[in-house]
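Chemist: These came from TrEMBL, pasted as-is:
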REGION    1-27  region 'Disordered'
TRANSMEM  39-63  transmembrane segment
TRANSMEM  75-98  transmembrane segment
TRANSMEM  104-121  transmembrane segment
TRANSMEM  157-176  transmembrane segment
TRANSMEM  188-206  transmembrane segment
TRANSMEM  257-274  transmembrane segment
TRANSMEM  320-341  transmembrane segment
TRANSMEM  347-366  transmembrane segment
TRANSMEM  386-406  transmembrane segment
């Protein structure tokens, strides 16, 4: 990292007056580095969540053919949430001891392993192991790449978030499209093995080597071109990283993050309470859409809203994320009341509410991490980004504890 950047500067200095009199090459190098990092983080976000979305869809598909007694979704949900929750809970304490490159390799291998396990699964246990590997890959990847943004200009947070939002749409559509086109779930999954390869290539070949800097706005981006990460020092070796923080310092920083973490937990609690507990109950008979088609439309509109708002940081920045949490809770109250009283007159009104739900959730995610990057010091930023990752998984876990029993209770009443 530093060696290559230093050699670039030495080469520039040795060019003498000719280089000094021509400012254009450094400008072009800076623009090239900016776009390489932007595309790199977008692809990392896409691939990190893409594997997860595709594999979960396939796991449900395969489990449906296994004739398992009981509620399969409960087992899938546990295998989905618990590994990620464990990783994100422990990451702020000890994950910094493992360099970034091995973490990325583990994440990519787990993603590939999840595809292979579920593709060749002949039992529920094997399929659930695939879900666990995908959960490990996604959780480890999110903690790693969000921590990595601390060493780059803040703009990469927007690109990462946009990529994760795009994964929800593209992942579900690609699996559905390929299976509808006639590919078996097994061959569809095996065709997705290129996704972990793209993730590894984006990290090792596309991202440029980070340097000590104030990761400000776009105008304060890096001042020189950087080399690809492969063959360079790992980011954790650079000055200003958070690996030297004491436990007391980490606890102090974590307490200061609660103003960002709690609203995001509440947003995800309300969001996934709707998705896990209410989507199947919001059924309209006065429409040409079947129950399954209505559910698919709910999922697609939700993912479209998430993608749009996670890509919106350049045009809309929100500091008070508590407002988003309150609005999401209002969505939950309206839709929960409708499952009891059926007062909403049209499915299209529900479509709008669910699209709006996705917009609120995506906006809360990208603005929370942008605000953390903006308001934490260079010394604490890497740790802060990793610590705040627990927010979404904690909200999803809490919603699952309440939403699934409520869903079963409401089903027994109907």
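Just so you know, glycine gets a Cβ as well, placed from its N, Cα and C.
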Chemist: Given a Cβ distance threshold of under 8 angstroms, which distant residues of the chain, six or more beyond its ends, lie next to the transmembrane segment (104-121)?
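Modeler: Cβ under 8 Å, 6 or more out: 47-48, 51-52, 54-55, 58-59, 62, 127, 129-131, 133-134, 136-137, 140-141, 144, 185-187, 189-190, 192-193, 195-197, 199-200, 203-204.
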Chemist: Ranking 39-63, 75-98, 188-206, 320-341 by the number of C-beta pairs under 8 Å to the transmembrane segment (157-176), which range is first?
Modeler: 39-63
Chemist: For the transmembrane segment (75-98), which partner among 39-63, 257-274, 386-406 gives the most CB pairs under 8 Å?
Modeler: 386-406
